[in-house]
Amino acid sequence: MSAVMITRKVRKWEKLPGKNTFCCDGRVMMARQKGIFYLTLFLIIGTCSLFFAFECPYLAVHLSPAIPVFAVLLFLFVMAMLLRTSFSDPGVLPRALPEEANFIEMEIEAANGNVPSGQRAPPRIRNVQINNQIVKLKYCYTCKIFRPPRASHCSICDNCVDRFDHHCPWVGNCVGKRNYRYFYLFTLTLSLLTIYIFAFNIVHVVMRSVDQGFLNTLKETPGTVLEVLVCFFTLWSMVGLTGFHTYLISLNQTTNEDIKGSWSGKNRGQNPYSHKNIIKNCCEVLCGPTYPSVLDRRGLMQEDSPAAANSEGPCSFDNPVAQTTKTTAPLIPNEHTPDDIKPSIAAEKSSGPKDDQPPAAMQPPLASPETDAETSIAKNQ
Amino acid sequence: MATEFHNLQELRHSASLANKVFIQRDYSEGTTCKFQTKFPSELESRIELTLFEETVKTLNNFYAEAEKIGGQSYLEGCLACATAYLIFLCMETRYEKVLKKIAKYIQEQNEKIYAPRGLLITDPIERGMRVIEISIYEDRGSSGSSSGSSSVSGSTAR
């Protein structure tokens with residue numbers, strides 16, 4: 001007559017909803033489709049390798065050794081910005097827990113009053129006034145929250161993202177509040193790198209052709225043709241993209257708002273987020289504070305799962321560990337929970353995470369423990 | 001199952017979760033983090049208005065300090081950019097420092113003011129900086145009132 005529950009600690013990223021993929025035990029967060037990201041990496045690394053292999057030796061000797069050095073620095077900066085954009089949390093808003101979702105539902109029902117059956121309920125919209133401008137906050141049915149201003153739900157990643165700009169397949173991630181400046185610096189420095197490589201390719205070809213003739217030059221450095229081709233096409237798109245985002249930054253708008261025309265046309269000049277000053281807008285976006293991730297991907301949490309054979313019905317007897325599952329406990333114990341608080345009438349949940357072994361007899365785990373999970377078995381009698 | 005769960009809790013511990021209140025964000029000044037100081041009706045019988053307002057205002061001040069755009073944030077931004085943001089691997093950002101201060105402040109408030117009144121504040125960062133969640137606990141000894149595992153307890157008419 002015994003039921004056995006296995007409690008183990010897992011990292012929170014393993015239980016996050018949404019369609020992201022995580023690597024390095026939660027340190028890296030990307031979208032599911034990464035193919036185009038690999039293409040971006042291949043193009044950048046490939047083109048730069050060709051440049052360093054074919055052009056740089058000649059240019060270092062005949063012009064200046066500073067040329068390859070600067071190219072290396074630029075290349076490293078581009079890669080750092082790309083990886084930072086791709087791997088970081090764009091500003092995902094976590095979904096509402098059941099209590100919060102219920103609370104919001106109650107508020108909505110109270111606001112709507114009684115809707116006669118058969119009639120569609122009014123759309124869930126909340127109006128807020130921001131800097132004397134009325135902004136509508138929409139309700140997200142997936143995340144069960146009213147989206148903060150400028151947030152939007154990305155259908156590819158299935159997350160609400162704060163200050164959502166767009167989902168960029170080239171970096172394999174959404175671009176939002178937390179990684180917009182890295183994205184912008186990536187496009188800017190990649191444009192510069194492309195221009196740099198293109199320019200020095202031309203210089204190299206010209207210089208060598210003067211000595212050896214054009215066709216011989218191409219025969220000796222075949223990589224040049226490939227580089228010029230890639231750079232030519234990349235240049236136009238990257239310079240255009242950088243220019244577009246510079247325009248958006250100066251107006252403090254997101255791509256999403258621009259596409260939807262939120263602050264253009266008849267609404268022009270009414271952007272409540274803009275400081276009406278180009279320098280101030282640029283400073284806010286590029287030099288503003290670095291927002292922390294609210295996802296806590298690497299935090300630990302309890303996960304209870306019933307063990308294989310033995311359990312007889314729900315463990316409803318005096319076993320606090322088995323009962324304090326994530327789904328029923330309103331407070332999710334985690335690293336941030338101040339569990340050295342012992343309020344005089346605290347519920348047992350606040351002492352949950354640290355002491356998950358009841359004083360009763362312990363037995364060796366039924367399942368083999370995973371590398372960073374602790375298994376403990378609670379036994380009922 | 002909820003009632004059964006609750007009865008067992010009441011058997012063992014002196015308090016049970018009755019309700020939760022969520023203090024929403026105040027967007028009147030833009031997207032900076034700021035919470036409404038409107039006093040929720042559920043807390044009227046539990047805590048004084050001044051104490052509650054003091055807590056929320058102090059939190060708002062902390063967040064304003066973290067998100068302030070001025071000399072220090074520019075310096076941090078430019079320095080970080082110059083090092084290709086690698087400096088964040090070893091240095092803590094200003095926002096993170098303020099978040100630590102906030103966590104300490106909330107813990108202090110919980111210990112001194114809220115817990116003795118049967119309340120518990122959850123750090124907004126655990127709720128995505130969307131809400132300040134205040135959990136209301138009932139003394140088990142008093143009426144076996146609410147089955148509190150759902151917040152739709154109907155205890156207050158809205």
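The backbone N, Cα and C atoms fix where each Cβ goes, and this holds for glycine too.
Just so you know, TrEMBL annotations are computer predictions that nobody has curated.
Annotated in TrEMBL:
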| type | residues | note |
| --- | --- | --- |
| TRANSMEM | A:36-54 | transmembrane segment |
| TRANSMEM | A:66-83 | transmembrane segment |
| DOMAIN | A:136-260 | domain 'Palmitoyltransferase DHHC' |
| TRANSMEM | A:182-203 | transmembrane segment |
| TRANSMEM | A:223-244 | transmembrane segment |
| REGION | A:304-381 | region 'Disordered' |
Chain residues in Cβ proximity to the transmembrane segment (A:182-203) (below 8 Å; excluding those fewer than six residues from its ends, i.e. six or more beyond): 44, 47-48, 51, 55, 59, 63, 67, 70-71, 74-75, 77-78, 81-82, 84-85, 88, 165, 168, 171, 175, 224, 227-228, 231-232, 234-235, 238-239, 241-242, 245, 249, 285-286
Helix, strand and coil totals (DSSP H, G, I; E, B; other) for the domain 'Palmitoyltransferase DHHC' (A:136-260): 75 helix, 19 strand, 31 coil
Averaged pLDDT, computed only over the residues in the domain 'Palmitoyltransferase DHHC' (A:136-260): 92
